[in-house]
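Working notes for the structure below.
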């Protein structure tokens, strides 16, 4: 599957550098996108191999998202030129040659197959491997941990208190999970990702609407950014030339939805939206009800689009789209994936929580062993210099 008909343009006479990245891309988050951004910057054309459910189950354990959902999420990333479905878990030279790849890029962490071997040893030995910096503070494992623990530790300070546990998890279970929300817990340590202006700029398109462009505005939490959001953005973008996305802050989302929502904090959700190829610009911390400022202060908004099946009310009971409806610029689009919502993703994890708890424990044990090995290596090097 390709997003572009040809490789990126290059200087006259130079062969385009083709880069390969592969992975599970489960719950495609901004950490994945940042790796793809870095890999794309190393070359001219980025091919991304996505493993099938069967390959991941055999080597790693169950995924939260189904393979078709993961394929669509990767294809929608703005830095991806082409995806390869059902890519082998252990990267093969034959696959790289088939797609005319110059080198493979992976984060600076080790990925192993079911037998414990390095998935990239073959390409490393062939001199076709480069590393990019892993995004600290975010991972699929950490996100699953937040949902298992029903924690709100990741929210930006100022959020209100928990109102109720997620449906399907009783209060005793929630309390037991929550005891592990400390950094030393067996399930996970809760990261506090803080974005910077540099990261926002790296993810931004930097494009302004041209004179005469029709600006479309959509808003929401866009939590656990998924293919339902992607398809909604795509349909909204088709109604204009420029898509402006308002992302609500943590306090607002929690006041409306309760529980431990949002699962991802504001900065994480903003980066998730910005990496999508259909998004041109984001309003960070947009008001829940569409105001005159939203419609006029950033850009002149020509249409406000919302999902036809989702009709939320503000915390004071008002229709948040009252103003655009009065102005005649409100439009609705059918939600393309009624079966896929943030709540549905959480329910998948809760329904199989024992499997995920075991997986989290295995990963925590592995991470601890790797940290201890790294510490021993540092101590050994220090002793050698004495």
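Numbering starts at 1 and runs along the chain as displayed.
Cβ from N, Cα, C; glycine included.
TrEMBL annotations: computationally assigned, not manually curated.
Owing to the predicted nature of the structure, the values given are computational and were not obtained by experimental measurement.
Over in TrEMBL, the protein carries these features:
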- 354-381: coiled coil (COILED)
- 21-144: domain 'Cytidyltransferase-like' (DOMAIN)
- 217-348: domain 'Cytidyltransferase-like' (DOMAIN)
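Residues of the domain 'Cytidyltransferase-like' (217-348) grouped by DSSP class, helix first, strand second and coil last, total 46 helix, 24 strand, 62 coil. For the coiled coil (354-381), the model's pLDDT averages out at 75. According to DSSP, the domain 'Cytidyltransferase-like' (21-144) comprises 44 helix, 25 strand, 55 coil.
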